[in-house]
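S.K.: Can you read through this structure? Questions will come right after.
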Amino acid sequence: MAALMRASREARSKLRPLSSISRRIATYHDPDPLASGKDRSFCSQSRHNCREGVVDLSQYPPERIRNFSIIAHVDHGKSTLADRLLELTGTIKRGHGQPQYLDKLQEAAMTPKSISFSLKLVLLCICTEVERERGITVKAQTATMFHRHTVGGTNSSDKQDSPSFLLNLIDTPGHVDFSYEVSRSLAACQGALLVVDAAQGVQAQTVANFHLAFESNLTIIPVINKIDQPTADPERVKSQLKSLFDLDPEDALLTSAKTGKGLDQVLPAVIERIPSPDGKRDSPLRMLLLDSYYDEYKGVICHVAVVDGALRKGDKIGSAATSQTYEVLDVGIMHPELTSTGVLFTGQVGYVVSGFKPAKHMVFSGLYPADGSDFDALNHAIERLTCNDASVSVMKETSTALGMGFRCGFLGLLHMDVFHQRLEQEYGARVISTIPTVPYIFEYADGSKIQVQNPAALASNPGKRVAACWEPSVIATIIIPSEYVGPIITLCSERRGEQLEYSFIDSQRALMKYRLPLREIIVDFYNELKSITSGYATFDYEDSEYQKSDLVKLDVLLNGQPVDAMATIVHNLKAQRVGRELVDKLKKLIDRQMFDITIQAAIGSKVVARETLSAMRKNVLAKCYGGDVTRKKKLLEKQKEGKKRMKRIGSVDIPQEAFHELFKIS
């Protein structure tokens, strides 16, 4: 593997991943995203600290610029290390401001008056406490620092005569669900600090982020952090870095971001080891979009990296995606807050008012008001949320069982859950969610193909035979203690996984790679993985290609009528088991009525599972004390006819809890 990496590195050394820079500037919610903030760009009430003209960026040619990122597994000290670097360069003062400074989703996002969302992040937990209290960075942030250093010189205390370097730190998310944000951040960098916990060693996200950086042809500086811990074992971690990534153990920096030990080595290593950006100052403007969010006063603000040329306030820029031109209303750097400079030169990273590329939705679900009369309130709440976030697609639809609602596309299940949470907490909207699905492709015998996001939209047409089906898949990386290998192989096999790699990191831990259908991991795979391994497993995945599969549509019928909100697409081998679990669960959750309720799971016209919920019975003979038996029979027949009539015209109320419970059925 090490030899392959070296050969691949040499082959990639002539390539750059920035061949189509500005194509990512695409469409925001407004048809004219860059113009959306024209009337508000210079509002005096802006919550940002915009100080124009503080820094002369023309003094920093590309050779005195370093763009780097910090990549790590969750809770390996990445954000704390970023804090220390900001303090060392004087960007922030020690003891001023909150810890994990870059773990800050826009504060205005916490109030309904100003909701700042950004791509995948927004919906995947836009709460600051997730980042700071749980130690999980979920939003990429940028910060510009200035540091004096003499290349090849000594670390003397007097650095006034040393040249000043402009350092752009692009912080990256460390959670499994944010590999897309990591890849976008790395595209603007020439190097990366690979931070590894000295006690925990290499984890799944460490492996995934290394490969993202390696494929982007970045210079990687290994940093072994938390060496102050009693259980720290830097030598073991060095051995892992050598065996897994072919990184020279002598190049590793030993640090403790908590105590400050070894931090004086980090910035000199960044300046001396990481190459400068190789853009052309005299060429036309090209820039790469890193991230974007919505500001109440400025409109859409984008974090960008200038690859070629210069970007000036007042310039007209064009979007490669839409072929439209816009005026640059403001431009500057993050130092550490928005600091207007009026210009960005080649190789520099900053902000500009702009839009972004629509996200790719991989999980779809229906949203309906828990009370059908609350549709207008739900409609208003969703409009308020989505006007600030293009990572959710929304389309109105009607369900026969639930009335008017919406069909929404999300980036993942956690993404969907947090969106629901924000609807309820910020707007008090109580919602019912249908079973989450992924986008499938069905090919018919006549050669036509359709993409199905809503199972109810897949008509069971006997005259149109399905010839082939495809479903999205992912490549999963799992790192576990060696004693759990057997149960994890069983789990992945049950989820229709295909083993791609199986190796040992050291004597105690194993690394496994599987190709898994996306449908099999979006609900409870991660929970089961953690449960089986007593919480010791680490998990990461990346999107892969569509793969051919034997899929069928499974309908749920109540008294012979299909409930479109409960329709799902499953693998043919699992259809009968899933159908049985569905009807059993519904029988327990649906309230009894005055008539029998037949619950069925069917594939087309074939019923694969059935349960009957018996009717509640009123004792119509309670007042008959003796008398002719024909009188009693007449009352019972009248009750029987009444139940038949109620079954024809009555409706079955499906409680909200039923939909939540059905999520757990794979």
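All residue numbers here begin at 1 and follow the chain in the order shown.
Just so it is clear, glycine is given a Cβ too, placed from its N, Cα and C backbone atoms.
Dumping what TrEMBL says about this protein:
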BINDING   72-79, 171-175, 225-228  GTP binding site
DOMAIN    63-278  domain 'Tr-type G'
S.K.: Judged by the number of other CB atoms within 10 angstroms, which among Asp75, Thr172 is the least packed of the binding-site residues?
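M.R.: Each of the binding-site residues Asp75, Thr172 was scored by Cβ atoms within 10 Å; lowest is Asp75.
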S.K.: Taking Lys78, Ile227 as the binding-site residues to compare, which has the smallest set of other Cβ atoms within 10 Å?
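M.R.: Each of the binding-site residues Lys78, Ile227 was scored by Cβ atoms within 10 Å; lowest is Ile227.
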S.K.: Would you mind checking how many other C-beta atoms are within 10 angstroms of the C-beta on Ala72 (GTP binding site)?
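M.R.: Taking all protein chains shown, Ala72 (GTP binding site) has 25 Cβ neighbours within 10 Å.
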